[in-house]
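Asker: Submitted below is the structure of interest, expressed as C-alpha cells.
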C-alpha cells in the first residue's frame, strides 16, 4: 500500500510539473507576440541587416549609374572640342596659303602697294597679312556650319571634296582675273567679277545662309580695308570706290563662300556638341 500511494503521488506530481512547464512556455510565447505587436517600430536584427544590405546595394547602383552618365557626357564633349581645334588649325593654314598666293599676285601686278619698310623679303608682302587672313578664314569657316545648324538647314548641296577643290580653283581664277584682265574702266571689271562671284555661289552653294554671310563678310571686310588704306597702311592703284577698287567686295564675297564651303566640308561627320540638361 505505501508503495502504491507513492507511485500515484509521483505520477501526479510529474504531470503537474509538465503542465506547469507547458503553461509557462505558452505564456512566454504569448507575451513575446504581444510585445512584438505593441512595438512594431522596433525591427528585428535580421530585418535590419537585410534593409541595410538593400540600401547599400541601391546606393552603389545609383553611384555607378551617375559615374557612367558623367563619363559618357565628358567623352563627346572632349571629342567635339578636339575636332573644333583641328578644324580651326586647318582653316587657318588654308587662309595663310591663299593670302600668300593671292596677295603676291596683286603685288606683282602693282594693284596693291605696300610701303617699302613693311615689305618682307621672304613673302614679298607685309608680315601681318598672312596671320590676319588665316584668322579670318578660321572664323568664317567655323561660322558657316554653325549658322546652318542654328537655322536648322543643313547644307547638303554638292557635299564632296572634289566640289570644294573646284570652288577654290574658281576663286583663285576670279582673283587672277581682277589683277590681269584689262577693261575700259573699273565699272566693267567690277560688274564682270560680281557676275562671276554670284555664279560661284550658285554653282557651289545655293543656300540663303551662304548668300547672307557672303554679303555680310564682303561689307565688313570692305569697311576694314577702307580704314586701313585711309590710315596709310597700304594703298591701291587707281582707286574708284573711295580709297579702294570697286571690285574688291566681289573678291571678299567669293572668298567668304569658298572658305565657308571648306568649313562645311570639314564639319561633316563630327559629333554634335553635347547639351546640358
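Each residue, glycine too, has its Cβ placed from N, Cα and C.
Heads up, TrEMBL stuff is auto-annotated, nobody curated it.
Straight out of TrEMBL:
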COMPBIAS  65-74  compositional bias 'Low complexity'
REGION    58-78  region 'Disordered'
TRANSMEM  89-107  transmembrane segment
TRANSMEM  127-147  transmembrane segment
TRANSMEM  183-204  transmembrane segment
TRANSMEM  211-230  transmembrane segment
TRANSMEM  242-263  transmembrane segment
Asker: Should anything in the same chain at least six residues away from the transmembrane segment (211-230) have a Cβ under 8 Å from its Cβ atoms, list it; otherwise answer none.
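Answerer: Sequence-distant neighbours of the transmembrane segment (211-230): 136, 140, 143-144, 147, 201, 205, 236, 239, 242-244, 248-250, 252-257, 260.
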Asker: For the transmembrane segment (89-107), find every same-chain residue at least 6 residues outside the stretch whose CB is under 8 Å from a CB in it, and list them.
Answerer: 113-114, 123-125, 129-138, 140-142, 171-172, 175-176, 178-179, 255, 259, 262-263, 266
